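Novice: Got a structure here, written out as structure tokens. Questions coming.
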Ligand code: TTP
Ligand code: MG
């Protein structure tokens with residue numbers, strides 16, 4: 001069964017990930033940072049002990065500094081660590097440059113983070129390893145940044161590939177090597193295996209792909225529920241999830257229309273609060289943040305006003321705050337008498353919440 005499924009998967013997928021992204025950018029822009037241990041995050045000495053490390057260069061990593069570590073802890077591990085505050089605007093601009101380059105190779109792009117994406121290059125006539133080399137060259141040419149690329153026939157293997165020879169490496173995992181590759185993989189490197197799963201596996205004496213392969217689907221389901229299926233197929237180097245083209249995202253918003261027009265400011269305020277709560281909930285569910293907030297107001301004469309506000313950093317997902325912003329715009333547009341038929345609140349300029357939230361909102 002597994003062999004049959006593998007034989008059918010003729011896709012060619014690249015996973016691209018910039019090495020030590022924020023840190024590499026800062027080292028690129030300031031040569032003085034290239035030979036020192038560098039942590040991107042706030043210096044705890046300047047911020048009452050607060051701050052979190054977004055990432056660290058490889059010198060600091062060797063001293064035990066890693067992403068999501070408290071700055072103060074990082075300094076304990078590496079006393080001469082140099083701190084540089086993150087510059088998201090800069091990283092986002094570079095991310096834009098890199099995504100432009102991706103489009104030179106394919107339009108089937110699934111961005112995962114600012115510095116990371118899956119590319120389905122099946123339709124491209126050139127061999128996938130050649131494309132990987134060209135892509136790395138183009139990124140270097142445009143941005144002077146190095147990245148690592150994994151090449152294979154599914155997303156999981158492509159991602160494992162890009163991690164395999166980090167930094168500045170390419171790993172190609174063709175069909176004939178894939179099974180061996182996963183059999184020899186430490187269990188911690190399988191997708192979705194976090195601390196808890198790892199502990200469980202340790203107790204069971206499962207340490208690598210070979211041990212995992214030996215487990216039956218039933219056994220895995222009993223231990224891990226539906227995640228058992230994912231593990232079962234990963235051990236067989238099989239994963240059919242497509243590269244989801246999300247490069248043209250979109251906005252997240254909510255509108256209310258009124259049969260009976262609103263004339264009362266407090267009604268408007270209440271509506272904006274409800275809308276903001278719904279939008280915030282939706283954004284949180286999808287793990288998104290937005291840099292542009294647009295307020296839409298339509299009155300009895302069907303005159304529609306939309307007004308947007310764009311920030312350098314995404315808006316905080318705080319419904320009360322968003323409702324207040326909407327009211328500022330409303331009060332400006334309708335200082336006195338009004339008759340309102342529609343109110344709307346929409347986020348655009350959407351970014352994935354994934355990593356930024358940690359660094360943006362910690363200990364503000
Ligand atoms: P990663 O690609 O996970 O990490 P990295 O690029 O720094 O290092 P490498 O790929 O060589 O292992 O994340 C990309 C950026 O996202 C990273 O430079 C900083 C940011 N980030 C955070 O802000 N917090 C986090 O917890 C992580 C993992 C990343
Ligand atoms: Mg990276």
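Cβ from N, Cα, C; glycine included.
Here's the feature list from TrEMBL:
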ACT_SITE  116  active site
BINDING   17, 115  Mg(2+) binding site
DOMAIN    13-194  domain 'UmuC'
SITE      22  site 'Substrate discrimination'
Novice: Count the Cβ atoms, other than its own, that fall within 10 Å of the Cβ of residue 115 (Mg(2+) binding site), considering every protein chain shown.
Specialist: 23
Novice: How many other Cβ atoms are found within 10 Å of the Cβ atom of residue 22 (site 'Substrate discrimination'), counting all protein chains shown?
Specialist: 29
Novice: Hey, how far is residue 116 (active site) from residue 22 (site 'Substrate discrimination'), Cα to Cα, in Å?
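Specialist: Rounded to a whole number, the Cα-Cα distance is 12 Å.
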Novice: DSSP on residue 22 (site 'Substrate discrimination'), three-state: which is it?
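Specialist: The three-state answer is helix.
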Novice: Among the recorded positions listed here, 17, 116, which has the most company in the form of other Cβ atoms within 10 Å of its Cβ?
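Specialist: Max Cβ neighbours within 10 Å, all protein chains included: 116.
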Novice: Tell me whether residue 17 (Mg(2+) binding site) sits in a helix, a strand or coil according to DSSP.
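Specialist: Once the DSSP labels are grouped into three classes, residue 17 (Mg(2+) binding site) ends up as strand.
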Novice: Please report how many Å separate the Cα atom of residue 22 (site 'Substrate discrimination') from that of residue 115 (Mg(2+) binding site), as a whole number.
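Specialist: Residue 115 (Mg(2+) binding site) has its Cα 9 Å from the Cα of residue 22 (site 'Substrate discrimination').
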Novice: Restricting to the domain 'UmuC' (13-194), report the mean pLDDT as a whole number.
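Specialist: Averaging the confidence scores along the domain 'UmuC' (13-194) gives 96.
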